[in-house]
Amino acid sequence: IISLHPNDTYFCMLNLVYVACQSMLIVLVGAMPEYHIDLEGIPVSKAELAKHIHFTSNFTSVVTEWYLIEQEAYKVSLASSLFFAGLLIGNITFGPLSDKLGRKPVYISGLFFDVLFGYVTALAPNYGVFAVSRFFVGIVNGGMALVSFVLTQEYVGKSFWSFTGSLTNLTFAVGIAVYALLGYCVREWRHLALVSNTPGVIFLLLSFMLPESPRWLYSQGKTAEAEDVMQYIALGNGKERLNLKLKPSAGTSRKDESPPGILNLVKHPVLRWRTIVLMYIWYVCSLVYYGLTLNAGELGGNLYLNVALYGLVEVPAFPLCMFFIEKPWSGRRKTMMCFLIFAGFACMFTMFLPKNSGKYVVLPNPTLLALCGKMMVSAAFNIVYIYTSELYPTVLRNAGLGVCSMSCRFGGILAPFVPSMKSLSPSVPLVVFGISGLSAGFLTLLLPETLNKPIAENIEDLQSPKYRVLINEKAEYFFLLFSIFLPLSYVNHDLAHIA
């Protein structure tokens, strides 16, 4: 009966459209238009320079309003970095807070401040206020989105986790395209920021109608409240009132006991190694995702079409996830491993394709292959959210997701610096992305499969998984050998060609 009323479930998912608009805001709000300066020599002041700058775009941005060009151009990237730094802090703090205080109050508080600072961004009188507001938006946006995802997962039964998880991430990808459409219709950056932020007010008001997570209530020993929520869910699904009596969970926190803290992720041997592996996988997903985006980003053409394309290219990944992760012969682990390895191959193979084929279009070309790689890593990103939420017990689920998401932010921060390694060799960045994807794919085999397995509510429910490479299964062993020796054969072929 743990399956929330469809309208409430869809509401939780649609909230990711708002999250996507806030996350992608700087792409259009900080867009750099073409311009020319009709002034010879060095201007005596910024006001004097402003008189001689002519922007040729049909939109406004923080660049055109505060003249963030030349030596000031770095400020756009700085504002973006501050947003990601805020995401990092939000992922660290909101997870443990929601594990202790509850999912709903932390989610609503985060959404309230997200809307508040979103309006500060739109009404910022100067760059300093704008940059600081983006930092605080990052904190509450990242934390609120994390709690919202966990809340949505815990509203439904485990058999629906893959579906709701994939649909939630699909909503985020669609939200990027929606933001591009808003930007196309609203060309003034302040109006665009206001329009993108206003749906948050509607979501905030409707959020008060949502119930608390029954899984969190049950894990905290609040069985009566958990029963009430489950009755509400059952009635919302058209079922009659049930005679329901929950048994106390093993290890349930009592009122005189403090709930498990984030340090249990380090103290508990199973959780410790599980967290280390997951942190690396999250880091690689982010590194490869943003790295491929940067390498495939020089498409030219219409700015708004490009933004929409980078959102829509992720859409096919989610039906693939929903199909494969529910099959007993693939499951969560094998599917994520394959997507990561294929993303790694996409990076490696791009090295051997011509960047410019003249007037003829050759398939596959580097741009198409890079976009395919992004689709693959987007699929892995989707699975790792679902997979991670199933690998942690309820009392530490948000803390575990927060720590893993923290490592993900480091990958996003480092990704823009990897292309600068082209100074060593043009192929170095792609080798870095390729090896990262392949290594993360192989490390996935160290994690246990969660398909059709019971979800732990408390630390005491955990059973130590057997961390071992599955060399006894011939198919997986053959696939491992194929994955290892295929890229080596290409490297040897390339070296022979150079010789």
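For all residues, glycine too, the Cβ spot is worked out from N, Cα and C.
According to TrEMBL, the protein has these features:
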type: TRANSMEM; residues: 12-32; note: transmembrane segment
type: DOMAIN; residues: 24-451; note: domain 'Major facilitator superfamily (MFS) profile'
type: TRANSMEM; residues: 76-94; note: transmembrane segment
type: TRANSMEM; residues: 106-125; note: transmembrane segment
type: TRANSMEM; residues: 131-151; note: transmembrane segment
type: TRANSMEM; residues: 163-183; note: transmembrane segment
type: TRANSMEM; residues: 273-292; note: transmembrane segment
type: TRANSMEM; residues: 304-325; note: transmembrane segment
type: TRANSMEM; residues: 337-354; note: transmembrane segment
type: TRANSMEM; residues: 366-387; note: transmembrane segment
type: TRANSMEM; residues: 399-418; note: transmembrane segment
type: TRANSMEM; residues: 430-447; note: transmembrane segment
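Counting Cβ pairs under 8 Å to the transmembrane segment (273-292), the top-ranked stretch among 163-183, 366-387, 430-447 is 430-447. Of the recorded ranges 12-32, 106-125, 131-151, 430-447, the transmembrane segment (304-325) has the largest number of C-beta contacts under 8 angstroms with 12-32.
Counting Cβ pairs under 8 Å to the transmembrane segment (106-125), the top-ranked stretch among 76-94, 366-387, 399-418, 430-447 is 76-94.
Here the listed stretches are 12-32, 76-94, 131-151, 163-183, 430-447, and the one with the most C-beta pairs under 8 angstroms to the transmembrane segment (399-418) is 76-94. The transmembrane segment (163-183) shares the most Cβ pairs under 8 Å with 12-32, out of the stretches 12-32, 76-94, 131-151. Under 8 Å from some Cβ of the transmembrane segment (131-151) lie the Cβ atoms of residues 12, 15-16, 19, 22-23, 26, 75, 78-80, 82-91, 93-95, 97-98, 103-104, 106-107, 110-111, 113-114, 117-118, 120-121, 124, 165, 168, 210, 213, 385, 389, 397-398, 401-402, 405, 409, all in the same chain and six or more residues away from its ends. Sequence-remote contacts of a segment are chain residues at least 6 beyond its ends whose Cβ falls under 8 Å from one of its Cβ atoms, and for the transmembrane segment (12-32) they are 57, 59, 61-63, 68-69, 73, 76, 79-80, 83, 111, 114, 118, 121, 134, 137, 141, 144-145, 148, 151-152, 155, 164, 167-169, 171-176, 178-180, 182-183, 189, 192-193, 196-197, 199-200, 203, 210, 303-304, 307, 311.
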